[in-house]
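S.K.: Found this in TrEMBL, in case it helps:
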TRANSMEM  B:31-48  transmembrane segment
TRANSMEM  B:60-82  transmembrane segment
TRANSMEM  B:115-135  transmembrane segment
TRANSMEM  B:142-159  transmembrane segment
TRANSMEM  B:202-222  transmembrane segment
TRANSMEM  B:252-271  transmembrane segment
TRANSMEM  B:291-314  transmembrane segment
TRANSMEM  B:326-346  transmembrane segment
Amino acid sequence: MSLLDVDAVDAYYGESHILRDLSLTVEEGEVCALLGRNGAGKTTTLRSISGAKPPEVRDGTVRFKGDDITGLPADDVAMQGISLVPEERRVFANLTVEENLRIAEVSRNTSNTWRRPRTATGQSMSTEQVYEDFPRLGERKTQKAGTLSGGEQQMLAIARALKQSTDLLLLDEPYEGLAPKIVEDVEAAIERISDQGVTILLVEQNAAAAIKIADRAYVVDQGAVVFDGSATELRDDDETRERYLGV
Amino acid sequence: MSDEPAAAADGETGSSFADTVGIWMPRGDELRVMTATAVVLAVFPFVFSRMPVVSDLLQGYQSLATLILIWGIFALGFDLLLGYTGLLSFGHAAFWGGAAYAAGVFSQHVSGSPILMVLAGTVFAVLLAWFLGFLSLRRGGIYFAILTLAFAQMMFYMSSSPLAFITGGENGFTGVETAELFGLFPLESELPLVLETLLGTWLYAFVAVIALLCVALGYRILHSPYGMVFRAIRENEQRAEFVGLNVWRYRLMSFIISGFFAGVAGSLFVIHGTYVPLSSLYWTTSGEVVIMTVLGGTGSLFGPVVGAGVYLYVENIVSGGHPFEFVAPFWHLILGLVFVVTIWVFPRGIWGFFRDVRDYVTGGED
């Protein structure tokens, strides 16, 4: 059984058909990349998994650890152990760095049992561990998160996700808008997290950067999967890369 | 920010007696805030209504000092909802007036003990807030405001005629029978010795103690994980959701908490006036608390209290022809001008302005 199993999903925003019969799986412990051009349906795929700004899934199912989570509200999805690091402005700008981390703790300690029991089993990082892994955050813990640089905000968003108990980490374009030097830092952080045993689904436009750290990759175009294979296969598949990724 | 909230969040283990007592004792920033509040509450009636020169300038009087505290409690609780969670309710008269009626009816039929009256009114307001919050929070933004308004107006209508046999209808509820505090001290009687000069009546002392407890409670809530979650929800609802927070439940909690404060204040209001006017359920009452809160400054503990003071001062003193006789008939206009100018010049309200000045002077940021 795969950890995450997206099975033949058809998703709509209003009348626009965004995902067409899209299937993908993520195995426990791997880094899986979801690649494609702008507008190919990558973010929509993540949204139908996470339940944040979800499209309407008219057909198909999303299973996590074998349970059907299709159409579940975002907070319940988080309780199952799926943590999302969304694209762009990702943190609570008016809260301090420390509060941004603590808020994930609050949610970890509460349980929506009257709706759906919490089944997350993943470890959650301690605050000390976070500050050790991301020393910049430790230095700025009393600052408002909005005053951090883009790279630091991205680190904070990742750290916050790891403070929930995470079985699967969804990363939506973590490199977007970051300077090359910072991209390397984020890359290192993702690899470290992966080494700690967290499963990652990484959505990226920057295919070259994603392939570097991914085990497997999917390429989507117009809402459907057009490539499915190991990262090495994709690296060698010039035709797919040129046609769908433009590199 | 003190490190207290962190301790509260992680403090599931300690449960010895010393810890339990320790949790209740204010420390650090909280102790400073509470001490300052206590001092202000202790000298306020004296400065406002009896101090030479100052009180002549202000033309304040004892009963108004009490009323300001009561509305201050109402506005403080309202700001927890508006300023922190970001929900604009336009129907808080339901909890204020509802508690006033409940406390009044309770005093007539059960007991006139001021403490029990506050308890009865507050319990009623909390249960009502639970119910109305459950119904109103289904929708956000303007729909929420209109729904709360509609429910409050329903209550106004209900007490104006169908339930007039209990509420007294248009005449208001006149059967309030307040007993002595602890069975000993009539509320309108004066305090002994120096306390009389400082605080004046037992009623003020009673209200001031409750106000102090309310400030302490508000402080605790804002510095607990709840306060943090409220601010997070206000900033971005969706983000709060995928962090795993049940936004709806926290909003309901915030609504109930503000209903609690409105209930305490409404109960004190009936004790203070020994009468419940029908207008306490009218939509203008809901509007007044919105204006007080915004005037004083949303998103702060004390701003709304200051707003309540300024509002009531204009409503009661300026309208009586002080300092200028000729403006008396236009006091609504004066209030409107004060509001517009304040919001225009200091968008963060009166309290926000003072905070900005302090930050500018100290070069710090809160």
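Each residue, glycine too, has its Cβ placed from N, Cα and C.
Could you tell me the structural context for the features on the list?
M.R.: Below 8 angstroms of C-beta separation, residues 41, 44-45, 48-49, 88-89, 92, 96, 200-201, 203-204, 207-208, 210-211, 214-215, 218, 221-222, 230, 254-255, 257-262, 264-266, 268-269, 272, 288-290, 292-294, 296, 298-305, 307-309, 311-313, 316-317 of the same chain, each at least six residues beyond the ends of the transmembrane segment (B:60-82), sit close to that stretch.
Same-chain residues lying 6+ beyond the ends of the transmembrane segment (B:142-159) with a Cβ under 8 Å from its Cβ atoms: 87-94, 97-98, 101, 132, 135-136, 166-167, 169, 278, 281-283, 286.
Listed as Cβ neighbours of the transmembrane segment (B:291-314) (distance under 8 Å, sequence separation of 6 or more from its ends, same chain) are residues 33, 60, 64, 67-69, 71-72, 74-76, 78-79, 82-84, 215, 218-219, 222, 331, 334-335, 338-339, 342-343, 346, 348-353, 355.
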S.K.: Restricting to CB pairs under 8 Å, which listed stretch, B:115-135, B:202-222, B:252-271, B:326-346, is in contact most with the transmembrane segment (B:31-48)?
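M.R.: Maximum Cβ contact count belongs to B:202-222.
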